[in-house]
Amino acid sequence: MDPSVLLLLAVLLSLFLLLVRGHAKIHGHLPPGPHPLPLLGNLLQMDRGGLLKCFIQLQEKHGDVFTVHLGPRPVVVLCGTQTIREALVDHAEAFSGRGTIAAAQLVMQDYGIFFASGQRWKTLRRFSLATMKEFGMGKRSVEERIKEEAQCLVEELKKYQGVPLDPTFLFQCITANIICSIVFGERFDYTDDQFLHLLNLMYKIFSLLSSFSGQMFELFSGFLKYFPGVHRQIVKKQQELLDYIAHSVEKHKATLDPSAPRDYIDTYLLRMEKEKSNHNTEFHHQNLMMSVLSLFFAGTETTSATLHYGVLLMLKYPHVTEKVQKEIDQVIGSHRLPTLDDRTKMPYTDAVIHEIQRFSDLVPIGLPHKVIKDTLFRGYLLPKNTEVYPVLSSALHDPQYFEQPDKFNPEHFLDANGALKKCEAFLPFSTGKRICLGESIARNELFIFFTTILQNFSVASPVAPKDIDLTPKESGIGKIPPAHQIYFLAR
């Protein structure tokens with residue numbers, strides 16, 4: 001054999017051995033898991049069922065804490081209620097970093113409230129919480145905004161008497177309008193072409209991220225990013241959303257009154273001006289753009305999808321619908337809109353909404369975290385920047401807390417006296433320091449929108465209840481509800 005070929009093989013073998021030794025040195029204290037192949041990681045453990053199915057199967061073999069390799073990238077997976085709460089609550093600071101969602105971060109990188117970590121994230125979260133509270137509790141509270149939107153929804157659905165519709169984008173409209181009123185200072189008509197285009201972009205992004213192709217990109221992003229694929233579609237759609245946000249920011253700048261900020265963007269612009277001499281400020285244009293995109297996206301997709309699943313579940317389980325409507329009729333009647341004060345008087349309806357969130361399980365593998373320092377967890381040393389996946393589905397289907405975890409049963413959230421009971425396994429918004437920023441708004445939206453729909457309409461389908469398929473279109477980072485034609489019949 002040619003000496004130069006032998007030399008090349010020797011160099012490659014040496015590099016491979018160094019890589020393996022380096023890998024063991026860096027990751028030697030991580031929890032055990034399935035043996036990874038070089039570069040491919042645990043690809044062989046995956047099938048068309050995606051990451052969630054893979055993680056649940058591995059939990060059965062390796063326990064509640066194990067390591068998988070997404071391609072060459074090691075990730076620690078946390079399963080079960082107690083494990084997740086121990087990490088995200090008991091070790092909240094250590095696990096407060098944001099992990100990688102490769103396709104989304106090609107554009108967003110580590111900017112904005114969603115993908116930031118460390119001091120940047122703390123600063124943006126503190127500002128966003130205060131600002132959303134200010135515009136949600138001021139002259140027009142979030143409740144008033146939701147009730148106004150609920151009334152608009154009723155009027156829109158009345159137009160479809162006797163005609164079935166897929167409510168996907170209508171439910172997106174109502175949830176998006178709440179966050180738009182806080183962030184952009186305006187609501188949109190349901191027929192506004194630009195608004196519908198923006199909603200379609202977000203829906204497509206969420207679908208692509210959740211697709212099997214999106215999950216494959218997550219495994220091999222370092223290599224696949226150089227080739228055509230799903231990630232380029234996501235980047236293009238993100239950029240269209242950012243173009244709209246940039247246009248809105250410029251309009252805000254042109255009409256800004258420092259004495260009377262109208263919304264989140266105005267308040268951020270004023271903070272930017274205040275800190276313009278601070279070279280280390282986090283209040284710059286990049287963080288504004290990415291924070292607005294994050295809020296717009298998070299405030300629309302999961303809540304609208306939960307509401308969509310809620311209606312599908314009412315179609316499939318009409319006996320539950322009857323009990324909800326009976327409680328609505330007794331507590332609210334038919335002549336006024338539901339209010340948040342009604343919730344404490346309606347334990348069955350509240351339990352049904354909780355069970356819809358649990359059963360629909362819309363963010364099954366949770367959003368990735370990373371540890372921000374070397375962390376000792378359950379006897380394993382997780383080096384700084386280790387990525388962590390808290391599998392929320394494993395809590396929402398935890399048999400230690402739910403008697404029938406794979407069945408839709410509102411009794412999961414009712415005690416022996418019919419009162420709503422709390423459950424520490426109920427983690428649809430995650431938990432700890434990175435719990436969903438908009439949890440309170442989302443819970444309020446779900447209660448008012450859901451009760452308003454069933455107060456005013458009976459739901460029906462051309463398909464028999466037993467034949468309604470709840471299998472999601474996509475299941476990855478999120479779940480995309482299946483499309484069904486639904487009749488909304490005035491009561």
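Here the Cβ of each residue, glycine as well, is placed from N, Cα and C on the backbone.
According to Swiss-Prot:
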- Ser128: phosphoserine (MOD_RES)
- Cys436: heme binding site (BINDING)
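A simple way to gauge crowding: the CB of the residue listed as 'heme binding site' has 18 other CB atoms within 10 angstroms, across all the protein chains here. Cα-Cα distance from Ser128 (phosphoserine) to Cys436 (heme binding site): 12 Å (rounded to the nearest whole number).
A simple way to gauge crowding: the CB of Ser128 (phosphoserine) has 21 other CB atoms within 10 angstroms, across all the protein chains here.
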